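Input: a single structure, listed below in structure tokens.
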Amino acid sequence: MATLDGINVKDIVKVERTSVHSHITGLGLNDRLEAEYVSGGMVGQVAARQAAGLIVKMIQEGKIAGRALLVTGEPGAGKTAIAIAISKELGEDTPFVSIVASEIYSNEINKTEALTQAFRRALGIQIKEETEVLEGEVISLEVDRSANGMGPKVGKLTMRTTDMETIYDLGSKMVDACLKEKVMPGDVIQVDKASGRVTRLGRSFNRSHDYDAMGPKVKLVQCPDGEIQKRRETVHTVCLHDIDVINSRTQGYVALFSGDTGEIKAEVRDQINKKVLEWREEGKAKFVPGVLFIDEAHMLDIECFSFLNRAIEGELSPLIIMATNRLIEKVRGTDVESAHGIPSDFLDRMLIINAIPYTKEDTAKILSIRCDEEGVKLQPTALDLLVKLQEATSLRYCIHLIAASEVIRIRSKAEIVTTDHIGSAYRLFFDTKRSEKILTEESAGFLQ
């Protein structure tokens, strides 16, 4: 807390949540799609990352929509990390929907409807819209109010660019919009002619000396050039599921926010598909096939796989990425055993990426990256201890120990996390193997 002229000023504390995969920023590939050993928050898994990079390239070029990809490997081998890295590489414009296979089982909607909704959320459409806007620096804003304050407000707005200056007469709606945005002379604004929406772009550099001090939210921008009235092309990206929900009932947009979508009729989706294909042929819209990631894919039953068999071959279908850690498993709903718990006919349609277990060096680097992500300083000996513990426990358990050790370090008022702090956290929190051992030794005391 700082003191300014006898007044206590509190520092603004930025709260950031760090998840298990928050350190991942991409696949870490170069221009030739070759994976670097440590890059983008990813460590090792060179072959798997290169394969995922090829998938990303084909998605961006629109060559692999309607396919299925399976990521296999042991627990803790980085399967989900690869999927998240793919989503980061694709960017915000490409829809990426992540679900767990058990999510589709519900009493409210059937399995195929839940899968269809997930499919449609992973299908985007970019709609182009041309709008006319007024953009310039405000020279003056005059508002005339009636004497009793009850009548409509009118006003005049003077705007200029580097090339011209114009005066506009404002009605009551535009006056209210300007007052709501607190528009004042020197502001650079943008007015949408169709909707009347006023947007403050910032403060003009020409008026930067009007005040000695300005708040952190004040943005200084150049005065626009050219004509005040311009045509702007805006691209809106929406998913097909949102369009389905809005058109499924009278007040569909309410269900869009509440999440109570229910089952949507096939006729509604067929009409939307026809309209989307028409827009694509006319050049009004661009179809963006996204990615549907299904974790724990072995939890899907035979009915889901039979539905997916046909769904991935449709004209409007995203890329499906599945992940599983099972070897040989019975296909749910049958007595037939198959690799990864997935029917053989569906496996034949998939490209398979194998995530190999991390080496000791990989683990040390991952733990070091996690420490940097969480802002924890470790002694070299403490990091070595974590690597040894990982061999006896698991990588996830050791990642959890980092945060616990940091709390113990703060309580003991030490400057850096040592082996003693790691040991204290290890004794307080049990891993799976030690917990199973205690259950076996003290089984008589538990309810059977």
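Using N, Cα and C of the backbone, Cβ positions are placed for all residues, glycine too.
Taken from Swiss-Prot, the feature ATP binding site covers Gly73, Glu74, Pro75, Gly76, Ala77, Gly78, Lys79, Thr80. Sequence-distant contacts (6 or more apart, same chain, Cβ under 8 Å) of Gly76 (ATP binding site) comprise Pro357, Tyr358, Ser394, Leu395, Arg396.
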Check: Looking at the binding-site residues Gly73, Pro75, Gly78, which sits with the largest number of other Cβ atoms within 10 Å of its Cβ?
Finding: Gly78
Checklist line | Extra residues within 8 Å (Cβ to Cβ centroid of Gly73, Glu74, Pro75, Gly76, Ala77, Gly78, Lys79, Thr80), ATP | finding: Ala81, Asn325, Ala355, Pro357
Check: Here the binding-site residues are Glu74, Ala77, Lys79, Thr80; which one has the lowest number of other Cβ atoms no more than 10 Å from its Cβ?
Finding: Glu74
